[in-house]
Amino acid sequence: MAPSLDFSDWWAKDTRKGTPVVVKMENPNYSVVEIDGPDSAFRPVEKSRGKNAKQVTWVLLLKAHRAVGCLTWLATVFWSLLGAIKKRLSFTHPLGSEKLGRDRWLFTAIKLFLAVSLLILGFEIVAYFRGWHYFQSPNLHIPTSTLEIQSLLHLVYVGWLTLRADYIAPPIKALSTFCIVLFLIQSVDRLILCLGCFWIKYKKIKPRFDEEPFRNDDGEGSGFEYPMVLVQIPMCNEREVYDQSISAVCQLDWPKDRILVQVLDDSNDESIQQLIKAEVAKWSQKGVNIIYRHRLVRTGYKAGNLKSAMSCDYVEAYEYVAIFDADFQPTPDFLKLTVPHFKDNPELGLVQARWTFVNKDENLLTRLQNINLCFHFEVEQQVNGVFLNFFGFNGTAGVWRIKALEESGGWLERTTVEDMDIAVRAHLHGWKFIYLNDVKVLCEVPESYEAYKKQQHRWHSGPMQLFRLCLGSILTSKIAIWKKANLILLFFLLRKLILPFYSFTLFCIILPLTMFVPEAELPVWVICYIPVFMSFLNLLPSPKSFPFIVPYLLFENTMSVTKFNAMVSGLFQLGSSYEWIVTKKAGRSSESDLLSITEKEIPNKKSQLLRGVSDSELLELSQLEEQKHAVSKKPVKKTNKIYHKELALAFLLLTAAVRSLLAAQGVHFYFLLFQGVTFLLVGLDLIGEQMS
C-alpha cells in the first residue's frame, strides 16, 4: 500500500532507537519517569505514577524534533534534485531543445491536462485536510441535503464528486475497456509469436540449400557457376562509418568478375565526398570492381538514391542485388550463405539476414534497444518467414532478386519506409521471402536518445503513410483472403497502429486520469501482471537482459509518446511525417575491419595498394587521410537537450502519484512514481548516459 499522510503511524511503531532519556524533576512533588521513546509517557504505568504537564511537554518536544528532522531530510533531497536539474539546464544550449514545429498539438494537449490535474490536486488536498474523505471508500455517504453542507467550498466539492461519478467516470471506463481489449489482443498475438518461435526451435526448422548449389555438371570440371551480384551501399554524410562498410563489402568472398560494388553517396558535405572517393579509389587499386556515384539533387532520400542506381545500363547484366547501409559490416561469406537460396527457387524474391550490434553494451539505451531488436529478428521475422513466407524488409542486410524489384514497381519515393513499401508490393505480386536467423551482419544502434527518437519517429510514421497508400491495392490484389487479412489486421493495424495507440493512451493518459477519477480505477493486473509477463516474453531472445526487465518496461511506456505522435502524424499527414533524418552513428569497429586497419598501419602494404597512382593523387589521398584523423580526434562538445513532451508527461504522472497518496492506491502509486521518474530522465536527456 502507498504511504499514508498520517505521520502518527511512523511514531506508533514499537522501535526503540537511540539513548534512553531520564528526566529528573527538582520538585519532589513530581515523579521520575524514564522516557526511552516518543510514546513512553503514554504507556500504562503503575498507579502510583501519574503523567504531568512537563512530561507531556518533553514528549511533544521529542516528536517535534523527529518531525523537523524528517522534513529537513525531505527538503534536502528536494533541494538537491532541483540543483541537479538547474545544473543540467544551465548546460543546455538554447538550440539544444526539441523543436516542436507542427507537432506541438500533442504537447499542448499534455500541458492542458497537466494544468487541470494540478488544479484538481490542490482542490483534493484542501478537501482532505478538511476531513472530506469521501474518495477513500466507495460506500461512504456523500452529503446531499443542505443541512449536511458545511460551506460554499464544501458544496462545490460535493458537486464535483457528483459530476465525476455521473458524467466523467463512464466515458473513461468505456475508453479504458476499449484499450484493455486491444491490450489483450496484442498480448495474445505476442504469445502466439513466441509459441511459434519455440516450435521452430523444437523442430529445428530453418531454410537450407545444397552444399554446392552452383556446381557446373556439363563435364567441363568441378567449378562453380556464380551468378552476377550487384552490391549497393547507400549513404549520406556518413563520416564515421563509410570506410567500415566499404572495407567489409570489398572483402566479400565472391569472384571479382561476378560482383560490382556501388557506393551511392548522397552527401552534401564536400569533405566527406572527397573522403569516400579516396576510399573507393584505394579499393579500386586493389582490384575490387567498385564505382562511386553521387547525385547532385537528393530527391526521394534513400529510395531516390537506390532508384537512380538501378537505372544504370550495366545493371541489366546482374541477377541479384545486395544492400547494406553505411554502418553494416557483412562477413566475407555473406553472399555464399544467402545467394544459393535463390537457385531452383524461382518464386523467391528476398533473402533477409539478421542484424547483430557491435555497441549493444555501450550504455543503458543500447541495452534496451537490443532487447527490442532481438525479439523483432528472433521471433517476429523468423516466425513470419517460416509460416507466412512474408515479413517486412529491414532495408539492409538483404539480397533481392532484381526481377522481383522490377515486377513490383521498383523503388518508390512516396514514403519514408521504402523498404516496407517494396516488401508489401512484392508480396502482393506473389513473391516469397526467406529469413536467415543464423546469418548475422554487424551494425550499430543509436547511442543517444536524440538519434533513437528520430529513428523511431520515421519507423512509426512511415508505416501509417504506407497503409493509407496501399490499402486499396491490398483489397483489389489477387492474393488469398487470409493473406489480405494478415496484411491489414496484423501487419499494419495491430503491430503498427494499435500497439502505440493503447500503450500511450492506457498508461500515459487513462492511468493518471483514474487517480483523479477513482470510480474508473484500472485493475492491478492491467498495470502490473500482464505488462510484466509481456516484458518477460520480449526478453526471452536475449536472456542476458533479464536484469533490465523493469527499466525496459518503463522505457517502452516512455517511448510510447514518440511512437503515438509519429503514428498519428503519419496517418493524418501531420507535422514532420515526411521528414527523413539520417541516424547518427558512432563508428564502432568490428573484427571484419582488422585486415583493412592492419593494411593502413603497414607502409609496405600501403605502397603496394597505391601502386600506379600518380604523385598528385597520392598527395591528395594523404591529405584527406590526415584530415579524417584530425576530425576524428577533435573533441565533440556534448549539448544537452530538453524534450518538452516527456517533461510535461513526467510532471503529469508525478502529480497523479501524489493524488494516489490520498487514497492509498498501492501499486498505482509506485507505478506512477517510477514511470514519472523515467519520463523525467528521458526529458532531461539522461537516459543515454554511460551505464555499463
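Keep in mind that glycine also has a Cβ here, set from the backbone N, Cα and C atoms.
Quick look at what TrEMBL annotates:
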type     : residues : note
DOMAIN   : 320-516  : domain 'Glycosyltransferase 2-like'
TRANSMEM : 64-85    : transmembrane segment
TRANSMEM : 105-129  : transmembrane segment
TRANSMEM : 174-200  : transmembrane segment
TRANSMEM : 487-516  : transmembrane segment
TRANSMEM : 522-540  : transmembrane segment
TRANSMEM : 642-662  : transmembrane segment
Tertiary contacts of the transmembrane segment (522-540) (same chain, 6+ residues out, Cβ under 8 Å): 176, 180, 183-184, 187, 190-191, 194, 371-372, 375, 379, 506-507, 510-511, 514, 546, 548-549, 552-553, 556, 666-668, 671
Contact ranking winner - 105-129, 174-200, 642-662 against the transmembrane segment (487-516), Cβ under 8 Å: 174-200
Close approaches to the transmembrane segment (174-200) from elsewhere in its chain (Cβ under 8 angstroms; 6 or more beyond its ends): 206, 378-380, 382-383, 386-387, 490, 494-495, 498-499, 501-502, 505-506, 510, 514, 520, 522, 526, 530, 533-534, 537-538, 540-541
Residues of the parent chain within Cβ reach of the transmembrane segment (105-129), under 8 Å, 6 or more residues beyond its termini: 5, 135, 153, 157, 160, 509, 512, 516, 561, 564-565, 568, 574, 644-645, 648-649, 651-652, 655-656, 658-659, 662
Per-region confidence, the domain 'Glycosyltransferase 2-like' (320-516) (mean pLDDT, whole number): 95
